[in-house]
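The S-adenosyl-L-methionine binding site annotation in Swiss-Prot covers D35, E60, N87, D113. Positions annotated as active site by Swiss-Prot, on the basis of similarity to another entry: D113. Sequence annotations record features per position, and here Swiss-Prot assigns substrate binding site to K117, D149.
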Amino acid sequence: MRQHVNPLSSFFQLPLELPPPEQLFRVPDQPIHLDIGCARGRCLLGLAERDPHWNHLGVEIRRPLVTSADRDALASEHGNVRILFCNANISLEGWMKALKQDQLQRVSIQFPDPWFKRRHRKRRVLQPALLLAIATALQPGRELFLQSDVLNVIEPMVALTELSACFDRPVEDQRHWRASNPLSVPTERERYVLKQNLPVYRVLYRRNQNPLPSVSDLEQRWQEIDNPAEALTT
């Protein structure tokens, strides 16, 4: 069973300066796929083998998983995958901002820790500031992929993403949930869930050309939907 960590604890609030692509990848100018909450990184390691012309970066808040995952990444054949420890909501914005234009071309959040209770809203991985940082880094047409096996986990992510108005579903993919994974390698969790014949809820978005809302405005509108009683008192 996956052990949760509280991202709001003081230890995880310390910002970390993540290395630039030049220090991470053998060919640093290749397009980057960023996987937020990559666990042991098995999906990314498989993608790196299949897609050597992409660089793949996973970030994970559980340090014991990162130690072994990045050891495997460093041993990969193509030098195009790394797994780093950080709190995505604290350390990723500056790293994405420093990238070359259109270097980040895909972001995925797959099976995040299920902080689905409303009082734990601020522990969820996809927060307004992080979503807008992703939207800033992605050029129009670039992808954001979300999936979970817990409906109460993915629905708030979908609500937040669509409230931002920065992303659209592909024209050919207007169904509520995608039937298939657009990535060619499933995560460990996805394999387990599908083996149990349980549902997986997936949504693929592409960055549109809309301007970004302010973080405070997006936070307020998200709170009004996700926790109306709290919104009335703030």
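In case you wondered, yes, glycine gets a Cβ from its N, Cα and C as well.
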Q | Other same-chain residues whose Cβ falls within 8 Å of the Cβ centroid of D35, E60, N87, D113, the recorded S-adenosyl-L-methionine site, in sequence order | A | I36, G37, C38, A39, V59, I61, R62, A88, P112, V125
Q) In angstrom units, rounded to an integer, how far apart are the Cα atoms of D149 (substrate binding site) and D113 (S-adenosyl-L-methionine binding site)? A) 11
Q.
Applying a 10 Å Cβ distance cut-off over all chains shown, what neighbour count does E60 (S-adenosyl-L-methionine binding site) have?
A. 23
**Q.** Pairwise C-alpha maximum, in angstrom, for the residues (D35, E60, N87, D113) that bind S-adenosyl-L-methionine according to the record
**A.** 14
Q. Where does D35 (S-adenosyl-L-methionine binding site) sit by DSSP, helix, strand or coil?
A. strand
(Q) Cβ neighbours within 10 Å, counted over all protein chains: which one of the binding-site residues D35, D113 has the most? (A) D35
